[in-house]
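Features reported for this protein in TrEMBL:
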DOMAIN    A:4-253  domain 'Endonuclease/exonuclease/phosphatase'
BINDING   A:ASN7, A:GLU34, A:ASP152, A:ASN154, A:ASP252, A:HIS253  Mg(2+) binding site
ACT_SITE  A:TYR111  active site
ACT_SITE  A:ASP152  active site, proton donor/acceptor
SITE      A:ASP223  site 'Important for catalytic activity'
ACT_SITE  A:HIS253  active site, proton acceptor
SITE      A:HIS253  site 'Interaction with DNA substrate'
Amino acid sequence: MKIATWNINSVRIRLEQVIDWLKQNPVDVLCLQETKVIDADFPRSLFEELGYHLYLSGQKSYNGVALISRKQLVDVTTGFTAILSDQLLEWDEQKRVITGVIDGIRIVNLYVPNGAAVGTEKYAYKLRWLKVLREYLKCLLLSQPDICVCGDFNIALEAKDIHDQVSPDNHIMASELERQALRDILAMGFADAFRKFTTEGGHYSWWDYRAAAFRRNLGWRIDHHYLTPALYERAKSCIIDATPRKLTQPSDHAPVILELEDK
DNA sequence: ATGGCTTCGGTTCGAAGA
């Protein structure tokens, strides 16, 4: 089974590129982030013509996540409050969470808040959001041991996940508090699928649009698949496909593809 | 180098992204 994650920065702008990629990479599940469209306006038809089922949680202008699956998913829910208490309703105003189960595997598709800059209100929101995410995943783990949490985390955990022309100290996406918040989540029993196969640095999933960052390979690895132990054992490969980043008018992120051994 | 570039909304620049 192949599970891909891709922040496409507007599904309407990127529709042709995503469909072309999906034709060449017929993954079982494609997790999209930053779809930037309400569900009623999501361009469904080209995906459905390829035989995919769509599960959406979108909003106007910002954020938005989608699960695009070859097989029908079960137990699909959106947001934190479907799993946690309704007292957290404010956390679902921004559409950043969708989950569903395929072949006994729960896939959680996330768009973690960016956080703007360390010390801002958005940074504080990111840290609080990660705390809620931890409770959410803790809840899911009670009923399902096999979980793949993937998406745009907006966090690079190690120096080797970041090009060397940036000083990570207190940089957004690399600051100690957000890294610790992510480590606190992983400590519940998740491991980075990419690092099962690739230990060296220099592999990135996001390059700034500005300053010709892609051409100079000034990137960050911030798009991840985190797996519970049995799934981690089943992981056969985890590849960043930089090809779409080379196209004209690309997303600033590249897709990342996880392959799991069939059971 | 508080900029560089891209998207959205709703009119054409400001906000947000990372």
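In case you wondered, yes, glycine gets a Cβ from its N, Cα and C as well.
Where the annotation comes from TrEMBL, it is an automatic prediction and has not been curated.
Annotation for the recorded positions A:GLU34, A:ASP152, A:ASP223, A:ASP252: lowest Cβ count within 10 Å of the residue's own Cβ, A:ASP252. The Cβ of A:TYR111 (active site) has 26 other Cβ atoms within 10 Å, all protein chains considered. Put simply, A:TYR111 (active site) is 8 Å from A:ASN154 (Mg(2+) binding site) when counted between their Cα atoms.
Sequence-distant contacts of A:HIS253 (Mg(2+) binding site), defined as residues of its own chain at least six apart whose C-beta falls under 8 angstroms from its C-beta, comprise A:TRP6, A:ASN7, A:ILE8, A:ASN9, A:ASP152, A:SER205, A:TRP206, A:ASP223, A:ARG245.
Between the alpha carbons (Cα) of the residue listed as 'active site' and A:GLU34 (Mg(2+) binding site) lies a span of roughly 7 Å. The Mg(2+) site is set by A:ASN7, A:GLU34, A:ASP152, A:ASN154, A:ASP252, A:HIS253; from the centre of their CB atoms, other residues of the chain with a CB within 8 Å are A:ASN9, A:GLN33, A:TYR111, A:TRP206, A:ILE222, A:ASP223, A:SER251. Working note on the binding-site residues A:ASN7, A:ASN154: by count of other C-beta atoms within 10 Å of each C-beta, A:ASN7 ranks first.
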